[in-house]
Amino acid sequence: MDPKLVDDIHRGTSYDLGQQPLLPGSPTGRPKGKQRRKPRLPLGCFWPLWSECVPLEKKTHGTPDWGALGVNVMAGLIMGVRESLGGIVSASLLFSSDNLEISSMLQFGISMTLYTMTVGVLWYSVFGRLQYGYGTQQDLICILQASLASKAARLLRDDPERIPATVVCIICFSSILSGFVSIVVGKLAWATSMLMIPKPVVSGFLGAIGVVVLQAAFKTASGVPFHYFWPDIGIRAFCSSQDRLLQVGCMLLHFICIRKGPDLCHVLLQTDKSGAKFASRKDAVKKYAGLVCQLAPLVLFYGCVFGAGVGMEDLAAHGWTYPKEGSSGPLTIWTTYSLEDVDFHVVRMILFSVDIVALVAMAILCTMLGALAITGRYPTGPSGDPQPDDPLDFNAELITVGAASLFLGCTGGNLVFHKFSVIQLREDGGTHRVAVLTIALVAGNLFIFGCPIGSYVPKWFLGGLFMNTGWSFLKKTLLSYETLTTFNWRGVHLVSPQYGISSCCVLMALYFSPTTSILAGLCLSILLFVLDGMTTSPVNSVVDGQHVVSRTKRPWWEMSVLAAEGDRIRLLYLQGQLFFGSMLQLTSNLEAAAADSRIEFVILSYGRVPLIDPSAAENIKLAQDKMAKFGCHVIHCRMNEQVFGTLSAAGAVRKPSADLLMRIQTLGWRYHGSVVCNSDEHPDAFFHETDCLDYCNEYLVQNFSYNVASPTPPLEEYMREYREVICNEHRRLSESAFERMNDLPGGVMGQLRQFCEVRVDEPAGKNLSDELPSMTRAMCFIFKGALSLVQIVPVVEKPDKLETHAFSFRRGKRLLSRYPPGHVAGIEIFFKFHQQRVEENLQPKLIVSSLLGPPAEVWTLRYDGWQDIPGWKQMPDSLKGYLARMLCVQFADTLKHANLKER
């Protein structure tokens, strides 16, 4: 098989169309092929390559493919016309107002929009990463800027001459601010965090914008302001004007033509039939039907007007078009207004308001959503892209678009960002930068020659475009419940509460501004999050001490004690962020534990708790103090630095174990409590669940077996000897005690000694598996100290990219089991099939434990022997029989312990 193909298979595929993942830094991102030329600009923008600019012949590299080049130019021309018409819509949205001073700026606004489109598209065609992408002005931001302009007009109602210049200044400063913030966010690599805004809020905001646009459509076509879709002058006065009714009727017919026209074209041209002829016809209808249905009513209208002998002056006099006054050359946007007419006090008030924050945030979010939608539709680049599978860097996109907005704001333009129409450009065949450059040339020609488009485009036509845009936004919001789950309430399936956020945003837009609408959506999202946190239990699972033990193995009589008395221990695994809303569930669990008089220890594991707020820590502290009055002790474990610091600051952690104190001092964590734990008091914090269970199990065994006059089961001499060795009161476990513990005949260990390498005084931390020879197939008989079976887990090079939620002090190591004296370690790797391959790197390691009284004494039995020491193969069958029986019992005990030990 081709090695390149094998490499691609091992790297994996992404979730979207089997291509590369979109998010930056993805672990499956493949930097194959020639590396892209490094950015040469300080801001991090890209320089274009020749293969990205024009389509090239595959056989002769460097020669343009003239056929594909023509397709790109034609796609750019069509998209340039559509974007120019969209620019008129954007300018109308921004400068259509009840205020006459703002409405008179429409021709100026069209020039500003064309200039913004020209520079924005040209900028991205040179410095953008996507060779078919571009950035330009959008209706969404124009609506928000229109609200800022209306606010400024209200503040300057006593000085109306200053309104136009002040509005222009606000637009430019908002562009500068948005560009600057976009660059900062991109440089700080915070781009992906903008995608964390809840989807219902974004959907609701789009619906709110749709409501505003629909109102603007009726106002634009009729010339009458609408509130709640009702004319301000009343329905009777509204119907008194024949021109007004005709314009609204034309707008509605135009809207119907845009929405239903393409479907009608498919029916009339029979594109649903099979065959190559109908397939090409279907593609053509799909590409051009939308544009034709937008322009056909305009052509038909002027055909009727000119046929009836009506002139352009008559249309303007009856309010069907905008006045031709104010239209001039390209210098209009720099010469019409001066800084002397700007009221900077009003500008400062607007720029330091909540509205501008919403505008900047929405501009950044639209850039992110636009880039995500474009690359989601086309995960790979077209021909000519040096790295078509390279994941898109959202931070670089923000920097590129932000730099364009910053430049435009400083030169009298408006802010730009990605538009979804880029998808249509590529579908039309615009795959290279020459198509994007053509769009810029179309808009630039209209801007340079100062064509007064507003005086030729009727108001009803703009209103129809408004209505189409608003209905698209509103429809998507109203039907967003289809993508949400349902819940069962008393047998009735209801839509998710998330849909209520979107609906609330739409309703708020009827009475308030879009900014208020999105703020209300965010507040509802926070409220819903808190309610979910209050109803969702932070306790992942609860286990009592009869069904869970530590990872330290214990002899059978101690396990019998734990089976009888283990229910005095309760282990709670917590999950998620703990805050004031989730404490009700946790405190109820703790109070239920305190109600049982048998429970003496409650262990709280924070392994999957990334964060805890002070109020939650205080609630835990109060519940802990209340439980202590009933003789129930709370122990905390597996805390990260933030959780430990918050709990210790609240006083919930006051007496950490000595081992935990040593570790937090090594890690440099701050702790202001006592560093000395009173031996008469229980520690209240350990660093792992197994350490908590070790302490609690030891407490139960000591108090219900060894310190009892008549324990159950009765203690024999070898049992007490084992206890003395564990407590470091006896030098080592005798051979006879080892034999009694494992039900071996007397003298077996003496016979076994000649086949073992006896290791005495092995220090804590020594890796026997790696430091001793021939340990691939060896097992260890433990007489003193303990051996830990540890799995070495490789640490990834960039843990921040693949970090899990679980927290652990033992990074790179995982304790599987701890074997005390009287046990045999290494049985798992000792027996194997003769042809079985054992990967040494994947095998767990035997390491001398620092607990249970090191140094250790270990007898090592090898399968094949080593040097002059015979091994298992040289052992007589009678001795093998005794050991085989013992090892079977050890296997069974290991399996039982594996089922009980904490995970």
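Keep in mind that glycine also has a Cβ here, set from the backbone N, Cα and C atoms.
Quick look at what TrEMBL annotates:
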type: COMPBIAS; residues: 1-13; note: compositional bias 'Basic and acidic residues'
type: REGION; residues: 1-39; note: region 'Disordered'
type: TRANSMEM; residues: 73-96; note: transmembrane segment
type: TRANSMEM; residues: 108-126; note: transmembrane segment
type: TRANSMEM; residues: 163-189; note: transmembrane segment
type: TRANSMEM; residues: 201-218; note: transmembrane segment
type: TRANSMEM; residues: 288-310; note: transmembrane segment
type: TRANSMEM; residues: 356-378; note: transmembrane segment
type: TRANSMEM; residues: 398-422; note: transmembrane segment
type: TRANSMEM; residues: 434-457; note: transmembrane segment
type: TRANSMEM; residues: 499-531; note: transmembrane segment
type: DOMAIN; residues: 559-651; note: domain 'STAS'
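Proximity of the transmembrane segment (108-126) to the transmembrane segment (288-310) is not established, fewer than 3 Cβ-Cβ distances being under 8 Å for residue pairs spaced 6 or more apart.
Each of 163-189, 288-310, 434-457 was scored by its Cβ pairs under 8 Å to the transmembrane segment (73-96), and the highest score goes to 434-457. Of the candidate ranges 201-218, 288-310, 356-378, 201-218 has the most C-beta pairs within less than 8 angstroms of the transmembrane segment (499-531). Listed by sequence, the residues of this chain that lie at least six past the ends of the transmembrane segment (163-189) yet keep a Cβ under 8 A from its Cβ atoms are 43-44, 94, 99, 101-102, 104-105, 108, 112, 145, 148-149, 152-153, 156, 336-339, 341-344, 346-347, 350-351, 356, 359-360, 363-364, 367, 394-399, 401-410, 412-415. Beyond the ends of the transmembrane segment (288-310), by six or more residues, the same chain brings 78, 81-82, 85, 250, 253-254, 257-258, 261-262, 265-266, 457-458, 461, 464-465 to within a C-beta distance below 8 angstroms of the stretch.
For the domain 'STAS' (559-651), the DSSP-based tally of helix, strand and coil residues reads 51 helix, 22 strand, 20 coil. Counting same-chain residues at least six beyond the ends of the transmembrane segment (398-422), those with a Cβ under 8 angstroms from any Cβ of the stretch are 43-46, 79, 82-83, 86, 112-113, 115-116, 119-120, 123-124, 127-130, 132-138, 141-142, 145, 168, 171-183, 185-187, 191, 333-334, 363-364, 366-368, 370-371, 373-374. Mean pLDDT across the domain 'STAS' (559-651) comes to 88 in this model. Here the transmembrane segment (356-378) has long-range neighbours at 16, 22, 130, 133, 135, 138, 140-141, 144-145, 148, 174, 177-178, 181-182, 185, 191-192, 194-195, 197, 202, 205, 350, 392, 394, 397-398, 401, 405, 415, 417-420, 422-423, 426, 514-515, 518-519, meaning same-chain residues at least 6 beyond its ends whose C-beta is under 8 angstroms from one of its own.
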